[in-house]
Amino acid sequence: MSNYFNTLNLRQKLDQLGRCRFMERSEFADGCNFLKGKKIVIVGCGAQGLNQGLNMRDSGLDISYALRPEAITEKRASFQRATENGFKVGTYQELIPTADLVVNLTPDKQHSKVVADVMPLMKQGASFGYSHGFNIVEVGEQIREDITVVMVAPKCPGTEVREEYKRGFGVPTLIAVHPANDPKGEGMAIAKAWASATGGDRAGVLESSFVAEVKSDLMGEQTILCGMLQAGSIVCYDKLVADGKDPAYAGKLIQYGWETITEALKQGGITLMMDRLSNSAKIRAFELAEEIKEHLNFLYLKHMDDIISGEFSATMMADWANGDKDLFAWREATGKTAFENAPKADGIKISEQEYFDNGVVMVAMVKAGVEMAFDAMVASGIYEESAYYESLHELPLIANTIARKRLYEMNVVISDTAEYGNYLFSNVATPILAKEIVSQLKRGDLGEPTPAAEIDNVYLRDINDTIRNHPVELIGQELRGYMTDMKRISSQG
């Protein structure tokens, strides 16, 4: 097998990268009816597997789980999750032959083994689904010609997919059909029905491609979503403690600060996040963000280039073959950082506004990181809608994992693929941020409020205009408006 993207000519590459269409609500008028009465078998019962399955069952679909024999006999976590929620569970041999749609929701590194095991068992003309296209695009998996291959990729962790569905909404979702595997022309109907069953059509669906989803997803998770948060957490905590701050206070400011700060992104983008600062602090955050871009933009572009070329995937798959030696070593090193071992902040109170006032450089890191990731994706041919979802939109969700159990929780919740890319980025970004940004911070940049200063009205006006007119803000306003409309529709019943 060889990297599918690299087998395409330039025109085909640009076409696949640029596949992005925001679908109309009317296109989902039939809901998930196309899949009703069909047997759907999910392989894997982790966060995405369980929660998508719960949503699909609640939408009226026939869902069961195919697990490896040892997972069943040893009653492993996947078996317990499925059975405790009342699902039928069986081996591949028991369930796959009668399945109309097999959905592969195992980790990326297991996909080739899953395909090799289930493909001979699948009936003629069945369908095969993914929620991430890595196996097709980067590994170059070849699927039987009679099988339809589709993707439904919720832009949230599995737990969020379930919680949003339970409150009558959903999460933004990308869907795609693999052009090499749509023999009956039913791929889009299957993908739409699957997305509707998970609740994705209530929040907005992008018709994309396997290529666009993979390249943008890898870029977002490696840089702003995980890598920047990890690097920022480590250097900001170290700086606070070095400046004499109580380690417990420093740990809490960082651990919960990302979540509080990025919650503003969800409601009003970078504009609202920056508006939470005083004028003096906003100016300083803007200036710090520009400095961060000067020192880190090369790294964002390198990651984008390595993702497009396939260099990243080749490097990671070599580590898979080596027993994940690098991944495990980096994971262990992260667990030993001072931030991860900061004392608990029992009794320490930090108000919502204090997280903004005492975290100006954190706000700057978020602003710079979102804009650099978005710009790098768009410059590489990825459409703005996809770039928005893979940078700004998912950030509050990842920040929430840090609030729960710091970097450990983030790296547990995200995939091994995301975790590996996170370390590649943060291992380089951390010393750069420490030397070029954090060591140069002024009073009021971190740990205490920015001192009030005389404000140049013209300078402030220009900064505000620059913030509000960045392309990520313009497309974000449009997409968030759609989601607001959808929430209003769902709340009315």
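Just so it is clear, glycine is given a Cβ too, placed from its N, Cα and C backbone atoms.
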Listed co-binder of NADP(+) (same site as Cys45, Gly46, Ala47, Gln48, Arg68, Arg76, Ser78, Asp108, Lys109, Gln110, source Swiss-Prot) among Gly18, Gly140, Gly158: Gly158
Candidates Asp201, Asp217, Asp238, Asp243, the one Swiss-Prot lists with Glu390, Glu394 as binding Mg(2+) 2: Asp217
From Cys45, Ser78, Glu221, the binding-site residues whose CA lies within 10 Å of that of Glu394 (Mg(2+) 2 binding site): Glu221
Nearest-integer angstrom distance between the alpha carbons (Cα) of His132 (active site) and Ala47 (NADP(+) binding site): 14
Most Cβ neighbours inside 10 Å, all chains, among the binding-site residues Cys45, Ala47: Cys45
Shortest C-alpha distance to Ala47 (NADP(+) binding site) - which of the binding-site residues Asp217, Glu221, Glu390, Ser415: Ser415
Integer Å distance between the CA atoms belonging to Asp217 (Mg(2+) 2 binding site) and Ser78 (NADP(+) binding site): 25
Within the domain 'KARI C-terminal knotted 2' (346-486), residues counted as helix, strand or coil by DSSP: 108 helix, 0 strand, 33 coil
